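Notes for the one structure printed next.
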C-alpha cells in the first residue's frame with residue numbers, strides 16, 4: 001500500500017481500505033432473526049438492523065453505532081461490524097443504526113463528524129423513530145476507537161441543540177480516541193510499540209484526519225505543539241492534566257512530558273488539534289455536565305487507555321453517572337475480533353460486558 005502511495009498511483013489508505021472491503025464486504029442479506037437494510041439518512045449512508053416484532057412490546061430500544069478505523073478504514077458493511085451490530089440487535093432486541101460516514105482521504109475533518117451528526121439527528125426525528133418502532137426515551141449513541149471519538153463529539157453537540165425534542169439516554173464509548181493534546185500520557189508511553197495501534201500510527205491517523213503533513217509527526221510525538229509557550233494551548237491545559245485525572249495504577253512511574261518551548265506553527269497548520277469537535281476531551285465543564293449516562297471501555301494494552309479514563313473522570317467530576325469498564329489483559333480493537341479466524345477470547349469478553357451494560361441500562 002505504501003509503495004503504491006510512494007509511486008503516486010493512489011493514496012495508501014484508499015488501497016488498504018479497498019483490500020479490506022473487497023475481501024470482507026457483505027451484502028445486506030437479512031437472516032430469519034434480523035432484518036438488515038441499507039438506507040440514507042440526510043445524505044449519509046447507514047445500515048439498519050431490525051429484530052422481529054414481539055407481541056409483548058410495541059416499541060424497541062435503539063443504538064446508533066459508529067465504527068472505528070482511524071476515520072479512514074473499515075465500513076459498517078464489513079463482516080466484523082456487521083457481526084457486532086447483528087449480535088447487538090439480537091441480544092438487546094434493539095434497532096441498531098450503523099453509520100457509514102465518509103472516510104479519509106476522500107474527506108477530512110470535520111466531514112466525518114458532520115456525517116455522524118447528520119445521520120444521528122435524522123434518526124432522532126420523532127417520525128423516523130416511529131417508522132422504526134423505536135422508543136424515543138431508550139436510545140444510545142455508541143462507537144469504538146475513532147467511532148467512539150465521533151460518538152462523544154456527536155453527544156456533546158446534541159446536548160447543545162435546543163431544537164431537539166429527542167436526545168440519547170446513554171453514550172457507550174469503546175476504547176475511544178479523545179485527544180491529540182498529549183502523546184505522552186502513561187498509556188502512550190507504556191504502549192508506544194504495541195501491535196494493532198502503535199503511537200506513531202495513531203499520530204499519523206490524526207495527521208490524515210486533519211489533512212496535515214507527516215513532517216509534523218515528530219513535533220506531535222514530543223508534545224511540541226502544546227508546549228508552555230504555545231498560547232493557543234494554555235487554556236486547555238487544565239482540562240487534560242493526567243496527573244490528577246488518572247488513578248495511580250494507570251500513572252505508574254511515568255512522568256509528564258511538557259516542553260517549555262515548542263512549535264506554535266503546528267497548531268497554526270492544524271488548528272483542529274484544539275477543536276473540541278475533534279478532541280472531545282477538551283470540552284468545557286458546562287458541556288460535560290449535560291452529557292448522558294456513560295459507559296467507557298478501556299484496555300490496558302492500548303495507547304488510548306488514558307484518553308477514555310480521563311474522559312470518564314472528567315464526566316464523573318461534572319456529575320455524570322459513569323461506568324469505567326477496564327480490561328487488564330485486552331488490547332485496542334479487540335471487541336470486533338470475534339469472527340473466525342480472528343475469534344479471540346478478549347473480543348468475546350469485552351463484547352459481552354458491553355452488551356450486558358446496555359441490557360441493564362438502556
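Any Cβ shown, glycine's included, is placed from N, Cα and C.
Keep in mind that TrEMBL annotations are predicted by a computer and have not been checked by a curator.
The model shown is predicted, which means the values in this text are computed figures rather than measured ones.
Taken from TrEMBL, the feature domain 'Alpha/beta hydrolase fold-3' applies to 63-221 (among others).
Its own atom aside, the Cβ of residue 145 (active site) has 29 Cβ atoms within 10 angstroms in the protein chains shown. Marked as active site by TrEMBL: 145 (among others).
Among the features that TrEMBL reports, domain 'Alpha/beta hydrolase fold-3' is placed at 273-335 (among others).
Among the features that TrEMBL reports, active site is placed at 302 (among others). All protein chains considered, the CB of residue 302 (active site) has 26 other CB atoms within 10 Å.
In the shown protein chains, 26 other C-beta atoms lie within 10 A of the C-beta of residue 332 (active site). Residues or ranges marked as active site by TrEMBL: 332 (among others).
The two recorded residues, residue 332 (active site) and residue 302 (active site), have Cα atoms 5 Å apart. Rounded to a whole value, the Cα-Cα separation of residue 302 (active site) and residue 145 (active site) is 11 Å.
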